[in-house]
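Quick one: structure below, then a few questions.
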Amino acid sequence: MEFGLSWVFLVALLRGVQCQVQLVESGGGVVQPGRSLRLSCAASGFTFSSYGMHWVRQAPGKGLEWVAVISYDGSNKYYADSVKGRFTISRDNSKNTLYLQMNSLRAEDTAVYYCAK
């Protein structure tokens, strides 16, 4: 794919959910294609270690796209074909935190990223 601009920037916008169950995302930014970002999702209001957790995303003007899921104990992980081999989902149950390591980012990864239980 060719781009007319010298720089193509990628944006991972993050939104927190305000309710009894809280999932607060952080770590988005603007990067060049091919670079990396790590998103975090701090969970509270439920027993984090008992639930599988997902990342989903919504690109501008498009519907929700499932990205990845990790089992309650981190032993099983599954990915959408569009991110397989580039993104890695992980969790730290001692910190009630979910992560998404995003490598080799592409323009088409630009989206709002959400974590979900």
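Cβ atoms here come from the backbone N, Cα and C positions, even for glycine.
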Which one of GLN20, GLN101 gets the tag pyrrolidone carboxylic acid in Swiss-Prot?
GLN20
According to Swiss-Prot, which candidate among CYS19, CYS115 shares a disulfide with CYS41?
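In Swiss-Prot, CYS41 forms its recorded disulfide with CYS115.
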